[in-house]
């Protein structure tokens with residue numbers, strides 16, 4: 001067997017244009033976001049040739065997680081529509097209901113939520129996520145959501161909720177109930193945010209994330225790619241994650257599903273959608289910059305080909321939503337997901353990931369087995 005090579009070393013089969021930059025990086029798998037990537041370095045990652053970027057991302061993924069293993073979540077809307085927020089992409093906003101014609105639904109009975117959670121567990125999900133279209137939960141809503149957390153956890157599932165903004169007391173109540181994850185997306189960059197929503201500020205989103213973090217609940221926070229934002233906005237979003245004291249434990253990288261009747265959906269449908277490869281680049285850069293976070297495929301997956309989804313997993317995604325529906329939009333079918341997992345050789349994760357370790361990988365550019373070493377950034 002050939003000796004291990006560093007992929008940053010020039011050889012007859014590699015393009016050396018990016019050698020200097022690659023040599024400046026490190027993938028010490030024990031690092032957290034304390035090794036901060038600068039905004040300039042994040043931009044350089046986005047500019048890498050796609051194959052180089054995917055190789056770096058997959059190597060980092062294997063140093064932090066078990067190869068070919070994915071975490072499966074199921075998402076249920078426990079209260080749908082009539083949301084007072086004006087998010088320009090969302091069919092649940094009360095501001096767009098005359099155009100989207102979404103049928104609003106009141107809170108689902110606890111027994112029906114538990115039945116859905118049991119079905120999710122039976123089909124292989126390890127985490128059950130519950131979402132409500134609220135600006136924030138009211139005082140009368142808190143006993144309901146606390147009961148849901150306790151009942152779902154009693155089934156042996158991890159729990160996640162997305163209920164809008166939380167204050168410190170609400171976060172503490174959910175933490176005491178045993179909530180494992182709380183989702184509150186940043187959606188996009190600070191500079192583009194005003195093009196997306198006006199009823200909730202960027203800082204309010206960050207405040208909720210801080211309240212969740214301080215309560216001891218794991219943070220789930222991601223974005224939506226393809227809302228008309230620029231690559232600079234995607235760079236800024238990744239950089240925003242690295243400004244946090246600790247990166248989110250779970251990062252959904254959504255691909256916009258343009259919904260007719262929503263301002264952003266109508267604009268994207270008229271002007272054209274973003275390349276799927278740019279979404280895949282965003283996944284890969286997120287994996288490199290947040291090596292120990294779960295990177296989840298969420299909205300938008302239904303429309304992708306098998307090959308496009310395979311590239312997303314190669315880019316370091318290791319989690320996805322399982323089931324035929326997300327909150328209000330369609331999702332890839334369960335039978336389709338089962339078939340795709342078999343074809344890709346992916347297995348469902350039922351336990352915590354292994355400890356980080358150095359893993360030899362096949363250098364896709366030279367054909368030799370090699371150990372990718374990316375350097376520490378300060």
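Including glycine, each Cβ sits where the backbone N, Cα and C put it.
When 90, 129, 289 are compared with the [2Fe-2S] cluster site residues 160, 220, 296 in Swiss-Prot, the one appearing in that site is 129. A gap of 19 Å separates the Cα atoms of residue 296 ([2Fe-2S] cluster binding site) and residue 90 ([4Fe-4S] cluster binding site).
Residue 90 ([4Fe-4S] cluster binding site) falls within neither a helix nor a strand when secondary structure is assigned with DSSP, and so counts as coil.
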